[in-house]
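**Student:** According to Swiss-Prot:
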- 20-261: region 'N-terminal acylcarrier protein transacylase domain (SAT)' (REGION)
- 390-822: domain 'Ketosynthase family 3 (KS3)' (DOMAIN)
- 561: active site, for beta-ketoacyl synthase activity (ACT_SITE)
- 696: active site, for beta-ketoacyl synthase activity (ACT_SITE)
- 740: active site, for beta-ketoacyl synthase activity (ACT_SITE)
- 922-1227: region 'Malonyl-CoA:ACP transacylase (MAT) domain' (REGION)
- 1307-1609: domain 'PKS/mFAS DH' (DOMAIN)
- 1339: active site, proton acceptor (ACT_SITE)
- 1619-1690: region 'Disordered' (REGION)
- 1635-1647: compositional bias 'Basic residues' (COMPBIAS)
């Protein structure tokens, strides 16, 4: 025997603190069990846990309740001390001994599998106490996996053994709780003679006359000590009264639960209670020595073995000396060269045993192996997780929209680092705090606090990008929109690209949302098509899945304040369960509902004084906050495989409930502490290793104190295992900075924690406004708990990773906690050798492209250390690509920035790529430019290219041709390369190049091959197999070598046509080998003839070039090989082509209908290569056109030149390789061109060879083309709840039409009705009426008077005031807001003013909602052409809101004045200003109220003074409005910053027009506005009106559309005037579209004039009167009363109506409905399809399916139906 092994199992868990040492041991086993290298350990622990749970279920209720819940058997280590006080303590310790010993044994041998080579002949097992059970498991199992299979039975034995011992011992001595409470059952006595001790015990028992069951007994001696067992009272008497033992050194073993090894109390009946029947497959395999007899146990089965062991453990005295003696004798007899004592843990027995062996066997080498230490030293993380549930979760991307302008993670960090508190009064776009807040709490349904923390501009959204129509966008909850946006940004941050790595079918979304404010309040004011899908919570994550085409689950989670952290946990759980491979998760909260404020305020949740004062003595509740955030999660191993940036790693997550709290909303510190311990166990970490806890910390007294208590008790306990002084616990909460985001609170905390890891700084806690809350634990400093009032550095430890916990409490009682570990740095393991990189930028719109370019250039220039390779990799392989594109080739980031910068200016004029598939032709080169080392760099670096080359070379060698690899690698001299090898190398490299391009996503639409290149072309087209192509090329070349004499014939390239050559060449014989272009011909013949011909042609002025080739290909010289070539290749099989082949042999295109066989290729060897003729035929046939892109497969671009010169309109012809140029540089140039041409490229495959050298960088996110989609909450109906406020005047029910009511703008009231809180007015005015002459003629456009939009505004003011005066009590005063005004078709005054030119006005008021819908109808055209909504509001609240902007506006006015003084801005007089304005509008003196104008590009101010006389009877004179507001139009039409020579700008709409005080005659005002670009050639601005230094009026979001000046005559021409020619603008053609200002909506029916009944009264005595009645089926929505958009001229009526209908329903400009416009891109979905299909059926009589619009692709498809 060369080596003997003795395995020793002791009888206990390692000594020491059970909550320290033991936890560390079991924690290590837990972590190892999660790794793929330890499957048997994982199986073993699962089996032991399962068996333990089964045994637990068998217990009686009283005992079941003693055992705490556990997920793994290892969790019970946390409860050892407590369990010792119960009847289960001993049983649990026995099971933990088993789990520790066998777990360590298995882990060690899984790490060192070769060491598990135990044989019965050289291995002995010895053990003591419960260690015998562990030894039995090993003895019964010849292989390691079998230990796991028997472990369930061994676990049951261990547990039952403990139960029996406890049961028996309690029957001997009463012990109500801890079995050892009265004293120890075992004493260890040192330094006594065993025999004398035995005799002393015997005498003592006899003297005391104990019953046998109460006697003491010696059950073990090991030479150094004696163990005595017995009831505690007996042993206490023994050691206090017995003279022999009083003087001994003895130790009571109080940790040992009970006694055994005594036949006085145990018998076979106890053995039978313990031992289950075990499957007979387990037989004794290794010798196991009895600690009683000292001999190997003999057993016929596992059951037999365990019964023997248990009988000895219960009833027999241990004789360890016998065991040692017999084992030693066995070893001596075997005489091994060495012995190894394998012990689970160090012990005195191991040392004594080794010492004895060394004395008895001095010539033998003796070693020991401490498995426990070896296991503790095993590295973690060296292998992948064994399964999904064992994985760590990587956070790979994040994005946010948080309060205080924190629109991305970096801005969020700046806010935290600066210690900012961003709470503010509730913005007016949410609701009016003047009416909805009552600090006294007396007004019903109001909030007591006006504060919150709010996201900037929550309505901003890029609807077109996300395929949503403007209508759908407006009706969709902004928090769901922002969830979609942040999901995109987080995915972009993570480098996710569809089709790369994670499959879309394996991605899910999980979002927390706990309110529906927008649906309940904002969109609920006017329920539309998208009320449900736009507002219900399930659609939030569902819309994300739908947009990105994710197939995984989408969950909306509501657990109140912990919703988003619970959603993150749900996402992690889905990853752990294997349901998904990637999750996008987060939370959302946008506040608009005053009811929630009122409810929380009345429920005493909210602070009445402002922000969250967490841990402050004055904490008085929380401050509400907006917030939307998204993170991207993957299993760690997947993230590493995908080369992602890992921001942090989730180790464990869990949720429990504060079910025992005093109320449902009250936290419970015990439940919270239980949760923290649970996640720590799952994570396999020591809670004291956690360095930072991001707490819930809302600033409520109950919540803060309970959470602090639970956190400190677990992570910084005051007793027992406490924190080291150099390891403080920092705590913080984001809520002190930006409030409580409620459903978004968890994602705010989570993102903050990611940033804390990233920055290595814990930002200051700013919640302490006065002093620390005295309710917090007094010993925080002693516990080493730090609340950082200033920023604290969180030092990275080299030997362990930093750990943090994020904690959330939900108001409904849920607690969610997540343990996060910092990400380990990942070194680069290779090098990117490419000299130049392709930098790509793209967008869906020109504006976004420009902004993307600006942001990127700024980003690059600010980071000199940036790697250009990382930049290229991020922007190409890890970003999505769109149709507006820019790409540059750069060798450095500085060069990249300089090349990108010029594109910023040109990007707005860029034409997008259509998205249609561009035809790509692969052209395969001949042999004329051969060189050594073709594709050398690709072969070296690209696995894909190398794979194909190696496969092809393998085929070459198997056909008995020489390898061509030396030609590729460059390891050969040119003269040593045969024709055969050269030809094979050329063709095989071309095939490999084609396959490489295909891996890049570039696949050929057609192929053409030149000469030798035809073989590669046919292989790529599927005609020839690779093997057949190699065989044909090799055979042909071999025949050429053997049958054709080299260098007797040659080839001559001539820059002339064949006809010119024939004419100039005289009688010199030659053959035309190749026709490469119109004036490019290759000739063949004898060398002498070629030399003569060269001289002759040169003399004639033609350029010639002799080709360095050994033969004259495609001439009669080839005749010598044709017959033999036919014979040798007749078995070659040719298939039908899969793509068109442009054939130079036949000079035509060949398709799958053409037959190609070997004769084709043999003929091609001999016959002329008519490359130019083939190209010409392809062009004539339409296969090739201007858009075709040519990609040359070959070692040098020769065909590219032929193609460009033959087809002069060729778009581009690009090379794959180029002589004397690095392969990667050539590829990069070509890819750059392809990308710019709109070709989809698989950049991941391009970068794959170097990916381990590349890193994803945090480049700027996509720049959105945002527009504000926001439905404003109007009025105060949330307060009234059906109770009208103010009360309606009860006397006003039905009002007869007043004959006396007439103003300058409203000439006649047709009808006026007031019923049930509603009012309906119909009125009429005539544009030709003398009362309007001044304001209409004084506002002339194109030379004609126009009823301006401001005149229509005056009408709205007048009718609204009429309704108010008649409906409300006289004491009530309102401000009138003319809002959502849209003016779709101008009203131009007729030339013949003798005829009336009426317009009808309808006003419908909802007096409870305090709003009036006003519409204008043009009877002459039978269209509703204008509409607005008037709101009655409190002007004092306007003034209050505007006052916050006063400083900003006045500062801009002051700046403009200063610029005028210095000449930087233009100051214009009245005459000059209106003269410039005259380019578009001819203003009469009545209108010329601007006294001076200061103009600076897009910004202006005007000093305005009104005349003393209003010139009529007005509510708000239209020329007064014009004098203030037309400054916005002057910037565009009168200045020089905008092109108003070729264009003009007119306003179709504004969002709101409000004047808080009357515009007084003679009054002096200041107007200020800045106009900024919006969508689709439009501009928008807010006009501020100041009286003195106070803002008294605002026109918000006034919109101007840009139109070509040639349209002016079309827009502004009276109906009774024929069209006059418009002035032509050079380079401009007149559009064929009938103009309309803005996309708008349809009137299903024209209005009807219905006679009034006599009893309704009439204003005119000569008329029965009329009212404008609502048409049948008319919706009260004002959109339905508008005119259809106008389609292009020249269409049939149905087509015009259909396109107008589509534009109306999608709320898009009809100009966007071009033939190739994609329906889906315009925002169409299934709901909109139903609506439009129904309308086409009803209004046009078309028979179409509901799904019609989902089945068509473009507008052209719709037109095809209508033709």
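Just so you know, glycine gets a Cβ as well, placed from its N, Cα and C.
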**Student:** Which has the fewest other Cβ atoms within 10 Å: 696, 740, 1339, the active-site residues listed?
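**Tutor:** Among the active-site residues 696, 740, 1339, the sparsest Cβ neighbourhood within 10 Å belongs to 1339.
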**Student:** For residue 740 (active site, for beta-ketoacyl synthase activity), name the DSSP secondary structure in the helix/strand/coil scheme.
**Tutor:** strand
**Student:** Would you count the other C-beta atoms found within 10 angstroms of the C-beta of residue 561 (active site, for beta-ketoacyl synthase activity) for me?
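**Tutor:** There are 30 such Cβ atoms around residue 561 (active site, for beta-ketoacyl synthase activity).
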**Student:** If I take the Cα of residue 1339 (active site, proton acceptor) as reference, which of the active-site residues 561, 696, 740 has the closest Cα?
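**Tutor:** If we rank 561, 696, 740 by Cα distance to residue 1339 (active site, proton acceptor), first place goes to 740.
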**Student:** Cα-Cα, whole number of Å: residue 740 (active site, for beta-ketoacyl synthase activity) versus residue 561 (active site, for beta-ketoacyl synthase activity)?
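**Tutor:** Rounded to the nearest whole number, the Cα-Cα distance is 8 Å.
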**Student:** May I ask for the distance between residue 561 (active site, for beta-ketoacyl synthase activity) and residue 696 (active site, for beta-ketoacyl synthase activity), taken between their Cα atoms and rounded to an integer number of Å?
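**Tutor:** Pair distance, Cα basis, whole Å: 9 Å.
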**Student:** Restricting to the domain 'Ketosynthase family 3 (KS3)' (390-822), what is the model's mean pLDDT?
**Tutor:** 93
**Student:** Under a three-state reading of DSSP, tell me whether residue 561 (active site, for beta-ketoacyl synthase activity) is helix, strand or coil.
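**Tutor:** The residue in question, residue 561 (active site, for beta-ketoacyl synthase activity), is strand (DSSP, three-state).
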